[in-house]
Amino acid sequence: MTESLSDVEIQQQIEISRYLVLVPFTVLVYEYTLTFRLEVERYWGTRLTAGNALFFINRYSALFGTVPILVELLSTTTDPSKAAMCHGFQEYHKYFVLLSQILVAVMLIMRTYALYERNKYVLALTVVVTLTVIVFALYILLAGSSQDTLDPTLKSFGCPSAAPHDSNLHLAAAWSGMLIFDVMIFVLTVYKALRHDMGSGSLFSVLFRDGSMYFGIMIAVNVGNIVTYTSGGPIISGSATTILNIVSSLMLTRLMLNLRDPRILRAQRNRTTRLTTTHDSPAITTFMEPYMGTDIPMDSMWTEEEELEYMR
């Protein structure tokens with residue numbers, strides 16, 4: 001693993017892996033300060049729904065959950081008990097990443113389910129793909145073994161770890177599953193958006209715009225993360241997972257804040273009223289079951305405004 005690297009090269013890789021965590025965390029804190037006012041205006045004081053709860057969990061788990069990873073990489077000590085401490089940090093890091101991606105998947109599934117007017121077949125497809133990816137990722141995590149050959153002196157610079165190349169390839173395969181999930185959700189979003197009115201201010205135009213940006217960025221970041229496993233050094237491999245976690249959290253936060261933009265809501269209400277008056281029918285109609293205590297009755301027509309409320 002690290003036998004072919006000099007101490008200087010190992011130190012360089014450790015420093016790079018630190019920056020790959022420190023820089024995105026700095027961006028996360030900066031973005032939090034930028035959007036805190038919008039969070040207060042659009043989410044505080046509203047009734048608690050599944051969407052609200054997921055918004056706050058996603059936003060604050062990324063903010064506070066990344067702190068132990070910073071400690072893992074930045075702590076400097078030669079304390080003999082550090083080996084056990086580092087093992088705990090590394091285990092936390094692995095499962096925090098997994099749980100964060102599960103949270104992202106759940107939020108995207110809910111968004112797609114609403115976009116398809118609660119189509120059970122779409123829900124089944126997305127859930128099956130997600131469960132397959134999760135089971136495969138868990139298998140990789142549980143079957144993998146920790147093999148660390150760094151010199152104790154170098155370990156004083158945080159808790160770096162070095163994994164064999166075959167182990168990195170397995171982890172790359174696990175992340176490829178998440179990439180497949182992202183592509184699937186993107187295709188479903190594009191397909192649905194293109195089948196409906198994409199006029200300015202319409203719900204689908206907002207969903208398509210935000211979804212395109214989200215998935216374009218996430219697919220690029222995920223590919224970069226996979227490349228660190230396949231082509232990065234033994235220490236750098238996987239360091240981009242923090243970038244992936246933070247970017248996905250930031251993008252989802254923006255998606256959900258945009259759905260509560262008062263300008264979009266006003267435009268949607270005006271558009272729904274105009275279409276109903278002109279054509280004597282709502283923009284989207286379907287018979288739906290009530291959802292999680294919402295006020296949408298079983299025999300009502302589901303308008304785009306109601307769909308917007310469901311996704312928020």
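Even glycines carry a Cβ here, placed using N, Cα and C.
TrEMBL: automatically predicted annotations, no manual curation.
TrEMBL annotations:
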type	residues	note
DOMAIN	19-63	domain 'DUF6533'
TRANSMEM	16-34	transmembrane segment
TRANSMEM	55-75	transmembrane segment
TRANSMEM	95-114	transmembrane segment
TRANSMEM	121-142	transmembrane segment
TRANSMEM	172-191	transmembrane segment
TRANSMEM	212-229	transmembrane segment
TRANSMEM	235-257	transmembrane segment
Chain residues in Cβ proximity to the transmembrane segment (55-75) (below 8 Å; excluding those fewer than six residues from its ends, i.e. six or more beyond): 17-18, 21-22, 25, 28-29, 32, 39, 43, 82, 86, 89-90, 92-93, 96, 100, 103-104, 107, 158-160, 242, 245-246, 249-250, 252-253, 256
Contact call for the transmembrane segment (235-257) and the transmembrane segment (121-142): at least 3 Cβ pairs under 8 Å, seq gap 6+: no
Other parts of the chain folded back onto the transmembrane segment (16-34), taken as Cβ under 8 Å at six or more residues beyond its ends: 59, 62-63, 66, 69-70, 73-74, 158, 160, 235-236, 239-240, 242-243, 246-247, 249-250, 253
Residues from the same chain, set at least six apart from the ends of the transmembrane segment (95-114), whose C-beta lies under 8 A from its own: 50-51, 54, 57-58, 61-62, 65, 68-69, 122-123, 126-127, 130, 133-134, 137-138, 141, 178, 181, 185, 188-189, 207, 241, 245, 248-249, 252, 255, 307, 310-311
Secondary structure tally of the domain 'DUF6533' (19-63) (DSSP, helix then strand then coil): 38 helix, 0 strand, 7 coil
Model confidence over the domain 'DUF6533' (19-63) (mean pLDDT, whole number): 92
